[in-house]
Amino acid sequence: MSAALGVAMGVANAVGYLVVLLLSRSLGAADFGGYSALSAYGVLLSIPAGAFQVIVARRIAVNRIGEITSGLRATLLLSALASVITVALAPVLAGVFHLSSVWAVVLLAAMLPGMLITGCLQGILLGSHRLPALALLYVATAVTRLIAAFVAAAARTDVTGVMAAMLIANVLTVLIGAWLCRRELRALPATGHGLVTEMLRSNSSLAAFIALTNVDVLLARHFLSPHESGGYALASTFARAIFWGTQFIALIVVPRMHRVDATRALLRATGLVVLIGLTGFAIVAINPRFWVTAAGGQEYAEYGPLALACVLLGIAWALAQVWLFSEMSRGRAALGALTWLVTAGQIAVISLWMHGSGAQIALVCGVGAGIIAVAGLVDLRLRR
């Protein structure tokens, strides 16, 4: 069953890349940059979805009176608040992201409740040990998005049209998840004691990492030209391929942090991440132009060197991911706090000085992630 879940997550990631391939070509660089910025903004606002998944799963598995819950009430309240704020800021966000219409932002706001509800539904299935159903929901989420991207690409629609298609996919995913969880939804209370407090307390480090790996696209969209931001968005996909592709290593490290050989396991994981990352770098370095045009078409051919630089950024992100996950498994938050500071520092440096090109943005973000990884290594040495 766990193997099926692993396969489903792999399929979902692969389908995610197909969505990028479809939309980067159909939208063109300028609009693809806008779509990527909106998507990154949505990822930041949907950070509680991952938190709710973990917390709801734990509470269902432990089954303590007063704590067990589906989490839906808190989810609906938080998502409604995020949606209202996003709609209110729609004109500002449309201007910051250089979008031709505020409706793309409004449609994203409408997607936020579905994103958070899906996180709760995944938590219900995980906590109930219904792994095949959870695998099905992961695949359904990815496939509905792929169909939406295919329809939008075939219709040659703009960013607003893509977001409308993604909203429909979002609703379908929630309906599928609700059907899979229909028995649990009838039996579980919609709220539980201290749910939001637990979310805020226990998931700060994960939220920091998500912010660290998404602000670059937002800043690129604001400071670069629309065409350049689209090129950066596609090139940064190579960075995300590295840290998404090595996430299983970070997850494997988590249960080993309480063993006597925890230090050795962590160092081995770090070495494996570097090995995989450098292998990816070597493959892309053979012909960066080929890989970037294969991903997005001739319009992106000039961004081959940037894609190669983003592979290095991805290695730095992947290393930071391993160290952050290891710290979270030990119940510590120092590295998570540092990640928030580094992210704020990156935003300041890029906003004030280093925003003349995509390479400058990637360099600043790579240095920031490297600081986190080195800090984790230094902390390990000091504790030995």
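Glycine residues also receive a Cβ, built from the backbone N, Cα and C atoms like all the rest.
Keep in mind it's a predicted model, so treat the numbers as computed, not measured.
Features reported for this protein in TrEMBL:
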- 38-56: transmembrane segment (TRANSMEM)
- 76-97: transmembrane segment (TRANSMEM)
- 103-126: transmembrane segment (TRANSMEM)
- 133-155: transmembrane segment (TRANSMEM)
- 161-181: transmembrane segment (TRANSMEM)
- 202-224: transmembrane segment (TRANSMEM)
- 230-254: transmembrane segment (TRANSMEM)
- 266-286: transmembrane segment (TRANSMEM)
- 306-326: transmembrane segment (TRANSMEM)
- 333-353: transmembrane segment (TRANSMEM)
- 359-378: transmembrane segment (TRANSMEM)
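For the transmembrane segment (359-378), the partner stretch with the most Cβ pairs below 8 Å, chosen from 103-126, 202-224, 266-286, is 202-224. Highest Cβ pair count under 8 Å relative to the transmembrane segment (161-181), across stretches 76-97, 133-155, 230-254, 306-326: 133-155.
Listed as Cβ neighbours of the transmembrane segment (306-326) (distance under 8 Å, sequence separation of 6 or more from its ends, same chain) are residues 205-206, 208-209, 212-213, 231-232, 234-243, 246-247, 249-251, 253-254, 257, 262, 266, 269-270, 273-274, 276-278, 280-281, 284-285, 288, 291-292, 335-336, 339, 358-359, 362-363, 365-367, 369-370, 372-373, 375-377.
Packing against the transmembrane segment (103-126) from elsewhere in the chain are residues 34, 38, 41-42, 45-46, 48-57, 60, 70-72, 75-76, 78-80, 82-84, 86-87, 89-90, 93-94, 133-134, 137-138, 141, 159-160, 163-164, 166-167, 170-171, 173-174, 177-178, 180-181, 184-185, 188: each is 6 or more residues past its ends and has a CB under 8 Å from a CB in it.
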